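Asks: Submitted below is the structure of interest, expressed as C-alpha cells.
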Amino acid sequence: MLTFPLDISSHWHQNFTHLDATHSEWLLETGSLTAKLKHTFTEFSVQVLSEKHIKLNANQADVMGIEQQEVLCREVILYGDSKPRVYAQSWIPLAPLSENSLFLSLGERPLGEFIFQHPDLVRENLMITDFSQHAALQSLLTSLSIDESAIAARRSVFHLADLKLMVCEAFLPGAFE
C-alpha cells in the first residue's frame, strides 16, 4: 500500500551529459510541462493522489531556500492519451495564505497552467535524478500496473514574486512515447 506523500529523497545533480536526445528534450524543457504534454498527446488529464499539509524537512527547506514551515504537498499523475506519463510532487508554502490561495484549491487542474502564466516567474536551475531503484516510486509503478522500472526525474524551485515553491516531476516508463 502506498503512503503519501511518497519519499522522493535522492541524489539530485546538474550533470546532463549522459542524457540521450529524447530524455534531454523532456527533462531539460524550461517551459511548461503541462503545455508540452497537451501539445504532444490528444488527451490530457490530472489525477490527484494526495494533498496534505506537512512540515518541510531540513533538506527540502534548504533546497527551497526557506525556513522549515508548513506546506501543501500535492501529488498528482499527469496522463497523456489515458496513459500515466508523469508523477509530480509539489511543495507550496501555506503562509501567507492570501497569496497562495489559488494554489491551495487546484483540484484536478494542473499547477503548470497557473505558474507559467505568472509575469514574475523565475525558475532556478533544474536538477535531475534516476529513480529506477527507488522503492517508493517502484511501488507507485506497481499500483499503476507498469512493469518497467526506468524513471528519470527533474526538480525545480520556482519564484513567483515573494513565493517559492518546489516541483518534482518523475517521468514514468513510456512517458516519452
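Each Cβ is built from the backbone N, Cα and C atoms, and glycine gets one as well.
Remember, TrEMBL labels are computer predictions, not curated facts.
Feature table excerpt (TrEMBL):
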BINDING   ARG74, LEU111, GLU169  substrate binding site
Asks: Need one number for the substrate-binding residues ARG74, LEU111, GLU169: the maximum pairwise CA distance in Å, whole number please.
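Replies: Binding-site diameter by Cα atoms for substrate: 12 Å.
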Asks: Within 8 Å of the centroid of the Cβ atoms of ARG74, LEU111, GLU169, which other residues of that chain place their own Cβ, given that this set defines the recorded substrate site?
Replies: GLU75, VAL76, ALA88, GLN89, SER90, PRO110, GLY112, VAL167, CYS168
Asks: Identify, in sequence order, the residues in the chain of GLU169 (substrate binding site) that are 6 or more apart from it along the sequence and have a CB within less than 8 Å of its CB; answer 'none' if there are none.
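Replies: When sequence neighbours closer than 6 are ignored, GLU169 (substrate binding site) has LEU33, VAL86, TYR87, ALA88, ALA153, ARG154, ARG155 within Cβ distance under 8 Å.
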Asks: Which number gives the other C-beta atoms within 10 angstroms of the C-beta of ARG74 (substrate binding site), all protein chains shown included?
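Replies: So the number of other Cβ atoms within 10 Å of ARG74 (substrate binding site) is 22.
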Asks: Using DSSP and collapsing to three states, where does LEU111 (substrate binding site) fall: helix, strand or coil?
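Replies: For LEU111 (substrate binding site) - judged by DSSP and reduced to three states - the answer is coil.
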